[in-house]
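Quick look at what TrEMBL lists:
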COMPBIAS  1-11  compositional bias 'Basic and acidic residues'
DOMAIN    54-512  domain 'Major facilitator superfamily (MFS) profile'
REGION    1-38  region 'Disordered'
REGION    518-550  region 'Disordered'
TRANSMEM  109-128  transmembrane segment
TRANSMEM  135-156  transmembrane segment
TRANSMEM  162-183  transmembrane segment
TRANSMEM  195-214  transmembrane segment
TRANSMEM  226-244  transmembrane segment
TRANSMEM  325-346  transmembrane segment
TRANSMEM  362-382  transmembrane segment
TRANSMEM  394-414  transmembrane segment
TRANSMEM  420-438  transmembrane segment
TRANSMEM  450-466  transmembrane segment
TRANSMEM  486-508  transmembrane segment
Amino acid sequence: MAQNEIHDPEIKSQTSSQSVETNNTKSKPSSLETQMSTTSTMIPTTSWFTPKRLLALFCVINLLNYVDRGAIASNGVNGSRGTCTEGGTCTSGTGIQGDFNLNNFEDGVLSSAFMVGLLVASPIFASLAKSVNPFRLIGVGLSVWTVATLCCGFSFNFWSISVSRMLVGVGEASFISLAAPFIDDNAPVSQKTAWLAIFYMCIPTGYAIGYVYGGLVGSYIGWRSAFWIESVLMLPFAIAGFVMKPLQLKGLVPADSEKVLVPGTPLSEVSVMDTSNGKDESLSLKAEFSDKNSVDHSKSNSAAKMYDQFSRFFNDMKELLGDKVYVVNVLGYIAYNFVLGAYSYWGPKAGYNIYHMTDADLIFGGITIVCGILGTIAGGLVLDFMSNTLPNAFKLLSITTFIGAAFCFGAFLFRSMYGFLVLFAIGELLVFATQGPVNYVSLHCVKPSLRPLSMAISTVAIHIFGDVPSSPLVGVLQDCINNWRTTALILTSILFPAAGIWFIGIFLHSVDRFNEDDEQQESNVEGSSTMPLLQVNAGEISTSTQSQEP
């Protein structure tokens, strides 16, 4: 050891100074790193948005979506067919069913038409989010929704309103897939589940308002006006999706941001701006001199982009369905939604037949609204209090679902109506506590760039395998056994497997992947020709870096 010591003072001083300089370099973060670490949201400082404004905006939009769903199911809008007595006295029909003389099957198709549009379009919008700015996609979807609801008011027969309802589903699909990731990006770390719960609380609230709104508007000024008013209310939000400065989702490279020249970027890779139409055509200087082959080149380019889009979608689907945590979460959600879908459709009729409730619609609706709002918010707050991790989310999902199922099962065993109402209300309160945690798992068990597709596939799965088939299957079961109490008990028992599936999730190896893409993005910023996620100008970075130098 003594032979390796440095005795020359000059060399020792030089070595010491280099060591200090190296330590200072390591300890001094770049301006971009500083801004990325101190900024807790994906909202640029120059934006009008704040996290709370964004949450409020999305809650209002979500509320309008579900007001529409509640309105079309209300008696004032949906109406009834005309009837004739044996004595020849006839009464005219009301609402959509009366004006178009729809039978019950055709009336039910209107709901299915909406669902077809929603389920088909959700994965498409989620996949496009990787190549088109997600905030603009929400604007496109809301525009389609606005036009479609307007057309519902102008519909003239069964087919016209069916197509219009399908387009309403298409319009809602973009928002359903992309809103939750935006909220997750900008919510405080310690309140992420609570913010998601507030957002999903708008579902039962919107349904309730829709029933009342549809009944009042349909009864006083006609069912068509209900759709026209909805269209007018949504129009400002659709316009805002195009006018406001777009926000960017975490994990997705900005698709429509202007490209900048990064030091070291070859000149041939610099994109040029077509000033005639204001669009960034992304043409290289080399391609500018080969106009004679531009048509063939554009066709092959379009085909290549289409192939790349499909290839990326199938690769993302393969990765998503290979994630055990995600699959277990969605399987539990399917079983859960199977029960809740049948409850919402058959609950009042079962209550009327079992307990002879005179106001079964009002009682079941009131319980669902109150328990839905309180339970959803409570579930989010409890998970945040526990610390919002994936294992804790699965613990909360399995425990609340199991206990809630036990209360609901016990409620249908009660002979007294009042005993039933007390136990069923407690059961629904616990069951609705899952809304925040289950969506938190879907958002955080996958890397950020897969979150839109994660939410879209979750939505598709819980409807196709959950609430869509549950109502007719429960109807078939009731026709076979002709006992509403037994039917309700069999249906409620499906919540126990849902709790069991989520219980398995506790023991799976789970990692919160919310920050997984960050390292890749930071390594790509230096060599990329696009602006960083926070839209920091290159000039600001260099100025800030110079100001930090001694």
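Yeah, the Cβs are placed from backbone N, Cα and C, and that goes for glycine too.
Taking residue pairs at least 6 apart in sequence, the transmembrane segment (226-244) and the transmembrane segment (420-438) share fewer than three C-beta contacts under 8 angstroms. In this chain, the transmembrane segment (362-382) touches the transmembrane segment (195-214); three or more CB pairs sit within less than 8 A of each other, excluding pairs fewer than 6 residues apart. A Cβ distance under 8 Å defines the sequence-distant neighbours of the transmembrane segment (394-414), meaning residues of its chain 6+ beyond its ends; these are 329, 332, 336, 354, 379, 382-383, 386, 420-424, 426-431, 433-434, 437-438, 441, 485, 488-489, 492-493, 495-496, 498-500, 502-503, 505-506, 510. Taking pairs at least six residues apart, the transmembrane segment (226-244) and the transmembrane segment (450-466) share fewer than three Cβ pairs below 8 Å and do not count as touching.
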